């Protein structure tokens, strides 16, 4: 591993030295890969375009991030910004100097990359959905058009994934091999759901049972390793020790914060998609109207951006996790049930007048 780490440090140092002027773009691409954008941007948009794809997106994102957490606990991956300070392989303090940024100091283990894994699994779902839609509307003779569409969409996919990976390496929060593992892992999870039909038709009990299983397995795995004297939160004090600015340390980057956020979203989706409001609006007479879907998409996207202003207190971890779960659960409830139902009720008076 020292060889991978040392080679990775040289790559990071090269990127920071020669491509410092591209920091704005790389920081933007790092934000593009942020798993939280799945729930605040991609999901609200895609659910209104295609409910099945939007539902699958949540399942893929949640299960993918859960696997990411388990693998991080197993692989014990270091992050460059603290490894360079802890290692003793450089003689006479001759280690390269790695610059840190406001988004560098994540506190969980580094392998595989959560940003790379989340980005690849969700964009894989979007690309395959777009291909399925376009192919179904092409004539059988349009082989050239099909190949061009296929090439274009997958080129966009890889361009985004490579940019996200480079951005995470540039800010010294991941080694190159960690982002590669993340991309591969995300694609495998997304491909597995391509062969899992009926996810969009799951009952409330399936959502609840899945939530309970994911939570108990993660908690049980954590407690089991604690019995063997293995502290799975080993990375948190190291991150706090070597982060250049204490203000850059955020509790929402800890392993359990991501788990609670994902379980909240899946819990909320289960209730929303099996609610009476969803059945009356999205599954009702207005559900297929372009105007209804457009209004729902715009309102959902606007509302999700307002969510960013809701700050959860971090002084007490149990309270933070509880409020984070509730905030996350409210996202699909708003996007899937409440907003479509309100739009449906607003459109009803106009429909009645035309009859």
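Yeah, the Cβs are placed from backbone N, Cα and C, and that goes for glycine too.
Residue 174 (active site, nucleophile) has a Cβ environment of 31 other Cβ atoms inside 10 Å. According to its DSSP assignment, residue 174 (active site, nucleophile) is coil. Summarising the annotation, Swiss-Prot assigns active site, nucleophile to 174.
Look at Swiss-Prot and you will find 92 tagged as N-linked glycosylation site, backed by similarity to another entry.
For 352-355, the entry in Swiss-Prot reads motif 'Prevents secretion from ER'.
Taken through DSSP, the topological domain 'Lumenal' (1-24) splits into 22 helix, 0 strand, 2 coil. What Swiss-Prot records for 1-24 (among others) is topological domain 'Lumenal'.
Annotation source Swiss-Prot lists topological domain 'Cytoplasmic' at 46-56 (among others). In this model, the topological domain 'Cytoplasmic' (46-56) carries an average pLDDT of 93.
Long-range contacts of the topological domain 'Lumenal' (78-115) within the same chain: residues 2, 5-6, 8-10, 12-13, 16, 23, 27, 30, 33-35, 65, 68, 71-72, 164-165, 168, 171-175, 177-179, 181-182, 185, 235-236, 238-245, 248-251, 253-255, 258, each at least 6 residues beyond the stretch ends and with a Cβ under 8 Å from a Cβ of the stretch. Annotated topological domain 'Lumenal' per Swiss-Prot: 78-115 (among others), in sequence order.
Here Swiss-Prot flags 137-146 (among others) as topological domain 'Cytoplasmic', drawing on sequence analysis.
Residues or ranges marked as topological domain 'Cytoplasmic' by Swiss-Prot: 190-211 (among others). The list of residues near the topological domain 'Cytoplasmic' (190-211) in space but at least 6 beyond its ends in sequence, with Cβ under 8 angstroms from a Cβ of it, reads 51-52, 55-56, 59-60, 63-64, 120-122, 124-125, 128, 263, 266-267, 269-271, 273-274.
If you look at the topological domain 'Lumenal' (233-252), the same-chain residues 6 or more away from its ends with a CB under 8 A from one of its CBs are 76, 79, 81-82, 85-86, 100, 102-110, 258, 261, 314, 317, 320, 324. Residues or ranges marked as topological domain 'Lumenal' by Swiss-Prot: 233-252 (among others).
Same-chain neighbours of the topological domain 'Cytoplasmic' (274-290): 51, 203-204, 207, 296, 336-338, 340-341, 343-344, 347, 351, counting only residues six or more beyond its ends whose CB sits under 8 Å from a CB of the stretch. Taken from Swiss-Prot, the feature topological domain 'Cytoplasmic' applies to 274-290 (among others).
According to Swiss-Prot, the topological domain 'Lumenal' annotation covers 308-318 (among others).
Sequence annotations record features per position, and here Swiss-Prot assigns topological domain 'Cytoplasmic' to 340-355 (among others).
As annotated by Swiss-Prot, transmembrane segment applies to 25-45 (among others).
Taken from Swiss-Prot, the feature transmembrane segment covers 57-77 (among others). Same-chain residues lying 6 or more positions outside the transmembrane segment (57-77) and placing a CB less than 8 Å from one of its CB atoms are 35, 38-39, 42-43, 46-47, 108-112, 114, 117-118, 121-122, 124-126, 175, 178, 182, 185-186, 189-190, 193, 199, 214, 218, 221-222, 225, 232, 234, 255, 258-259, 262-263, 265-266, 269, 332.
Long-range contacts of the transmembrane segment (116-136) within the same chain: residues 32-35, 38, 42, 46, 50, 53, 56-57, 60-61, 64-65, 67-68, 146, 149-150, 153-154, 156-157, 160-161, 164-165, 168, 174, 178-187, 189-191, 193-194, each at least 6 residues beyond the stretch ends and with a Cβ under 8 Å from a Cβ of the stretch. What Swiss-Prot records for 116-136 (among others) is transmembrane segment, and it gives sequence analysis as the kind of evidence.
Positions annotated as transmembrane segment by Swiss-Prot: 147-167 (among others).
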Using DSSP, how many residues of the topological domain 'Cytoplasmic' (274-290) fall into helix, strand and coil, respectively? 7 helix, 0 strand, 10 coil
Cβ-based contact of the transmembrane segment (319-339) with the transmembrane segment (147-167), 3 or more pairs under 8 Å: no
Beyond the flanks of the transmembrane segment (25-45) by 6 or more, those residues with Cβ under 8 Å of it: 19, 54, 57-58, 61, 65, 101, 103, 114-116, 118-119, 122, 126, 160, 163-164, 166-168, 170-171, 258, 261, 265, 297, 300-301, 303-305, 307-308, 328, 331-332, 335
In the topological domain 'Lumenal' (78-115), how many residues does DSSP assign to helix, to strand and to coil? 12 helix, 0 strand, 26 coil
What does DSSP give as the helix, strand and coil breakdown of the topological domain 'Cytoplasmic' (46-56)? 10 helix, 0 strand, 1 coil
